[in-house]
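A short worksheet on the structure shown next.
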Amino acid sequence: MGVNSNRIDNLPDNGTEANPQHQTTITMESIDLPAHPHHEVHRVSMPLRQTTLQKLKQRLSEVFFPDDPLHRFKNQTWVRKLFLALQYFFPILQWAPEYGIGPFRSDLVSGITIASLAIPQGISYAKLANLPPIVGLYSSFVPPLIYSVLGSSRHLAVGPVSIASLVMGSMLTEFVSSTKDPILYLKLAFTATFFAGIFQASLGFLRLGFVIDFLSKATLVGFMAGAAVIVSLQQLKGLLGIAHFTTKMQFIPVMSSVFSHTDEWSWQTMVLGGAFLVFLLTTRHISIRRPKLFWISAAAPLTSVLISTAIVYLLRSKAHEIQIIGHLPKGLNPPSSNMLYFSGPYLVLAIKTGLITGVLSLTEGIAVGRTFAALKNYQVDGNKEMMAIGLMNMAGSCSSCYVTTGSFSRSAINYNAGAQSAVSNIVMSIAVLVTLLFLMPLFYYTPNVILAAIIITAVIGLIDYQAAYDLWKVDKLDFLACLSSFFGVLFISVPVGLIIAVGVSVFKILLHVTRPNTVVLGNIQGTHIYQSINRYKEALKVPSFLILAIEAPIYFANSTYLQERILRWVREEEEWIRENNENTLKYLILDMTAVTAIDTSGIETIREIKKLLGKRSIKLVLTNPVASVMEKLHRSKTLDYLGLDGLYLTVGEAVSDISSQWKYSV
């Protein structure tokens, strides 16, 4: 049939439809439908004709350029276009010309504040990754400078983060010992950082950011919590003063190592670590309860380092059991491009570590940037952020840095301190530079136990109880994904836990795709509105009609299921009719509003359903197919196969028109 052949002309206009309770039809005693003295059926239009090339261009544009980044170049001179292109790739050119003394004062305070947190955290996170502590400071100097030029977030504070450090340390230590072969370990860490940067920048340049969306919020909540627990348990080595500790990152081996080395427990270390841990947790609690006092928790780590270092220095003749950091070299980042490992048996390990840490750090950095951008009502370009973070890590790998990204704790302090632009990152880098050049000898007597306390205080915030509880209330399947990733990290390994998290997310997608929802619709009396009879008590079934809504695209993966489920709906409806002596089922109406796409398997399913229903003397009607579905139905001649009354714009028009035809026949 043609697209307009379902229009019914010459319908009687005698006012009988104004009182539908007195209508007489062939198979229905009464239908409570609204009055329509002038009945009209709208045409279901075909989409505009496009060539295959035009369709491909439009589809690629929707997939890769949903934000239309080229719109700013329209109707501009070539000089202006060049300047806009430079602004796009170097966001600092957008705000630098208008930057003044007022924002600089705020950025100066913010930069110094986050530097007081970045210095002790940098040293601590490097230890967490089994790297020399100085590498953590190197990673807090070069990457923030690069991000301040390339990044689009005003509040993102860049540096090492706990999760990426943990993952890198656990994955590399599984195959290479950081103590027995430190040079090879360092090479692999820098190489993994290089590949992480390549991966991140490629995602941004090719606009493939949707790849990281496979890490759903539910799986990240569980993964972060599991990683935080493992990180905290690993710090028992420092808090208890244990010298011989397991390198494994699972709950059982860690706890076994803790209690099998009780003879190495040091009461001096425990007292010092316990006191500063309580101090750090108390300052964190105060800042959470009173955000205006953010500077307390920001200054607490550096204060703890200075005080504990002074205590150990004064008691150095008596506190022999307390382990210290020792010598840290002074000076700027040495080049490390010659240490990149591009051939050998561990190249695959470096690539794999780089990909996983790259995804995690990218997810965290973009999420943090968007969080604070929303609070200040400005937009962060995800693709530009990917390129900025990727280039930052590539450059970092050549200057003795390991994987860095935006830290939530430091970014929150940066935001609360009143940061106005990325200049706060530049100020932080200058503060770290001064530390590297002049202050390194001061950290010689810094105890390892204080680093463990700083790490525990930082990662404990990753355990989000409220988010897990909300997942349980809202979506049990999401909560299951959260638990799977949590226990996967806790009892198997961090990489396996991440794989489980992604696997559960993909399984959820497949479940929704392969088992789409179908609902029975009923008419809300006195209207042409049709809604689910399970959701709306006032929605009633229309006699002789079974109206189903399909709430998903129809693909090869779900076409067989949909056919079986629809035929089951028909069978159950016929059984209900026989039991209640109702009117015979004559029409099955499929509401296609939510069917956003269909393939050849789906089309074949529609034709098969039509054929099977015909054997039961039931007619199939489709309503409101979207443009792409309509075009495919037309090209496959399925519209002709459906017949004259097989296609309508809405469910209400379908029921009214078919009912009118019955009356007209009478």
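Glycine residues also receive a Cβ, built from the backbone N, Cα and C atoms like all the rest.
Curation does not apply to TrEMBL; its annotations are automatic.
These figures come from a predicted structure and were not determined experimentally.
Listed ranges 339-362, 531-554; the one TrEMBL annotates as transmembrane segment is 339-362.
TrEMBL lists transmembrane segment at one of the ranges 188-208, 587-607, namely 188-208. Given the ranges 115-132, 133-150, 385-402, the record in TrEMBL names 133-150 as transmembrane segment. Contact between the transmembrane segment (293-315) and the transmembrane segment (156-176) does not hold: fewer than three of their C-beta pairs are under 8 Å, each pair 6 or more apart in sequence. Between the transmembrane segment (265-281) and the transmembrane segment (156-176), the number of CB pairs under 8 angstroms, six or more residues apart, is fewer than three, so the stretches are not in contact. Taken as a whole, the domain 'STAS' (535-658) shows an average pLDDT of 91 in this prediction. Spatially, the transmembrane segment (422-443) is not adjacent to the transmembrane segment (188-208); fewer than three Cβ-Cβ distances between them are under 8 Å for residues at least 6 apart in sequence. Looking at which of 78-96, 188-208, 339-362 has the most CB pairs under 8 Å to the transmembrane segment (156-176), the answer is the stretch 339-362.
Tallying C-beta pairs under 8 angstroms between the transmembrane segment (188-208) and each of 78-96, 339-362, 479-507 places 339-362 first. Shown for the domain 'STAS' (535-658): DSSP residue counts in helix, strand and coil, namely 59 helix, 22 strand, 43 coil.
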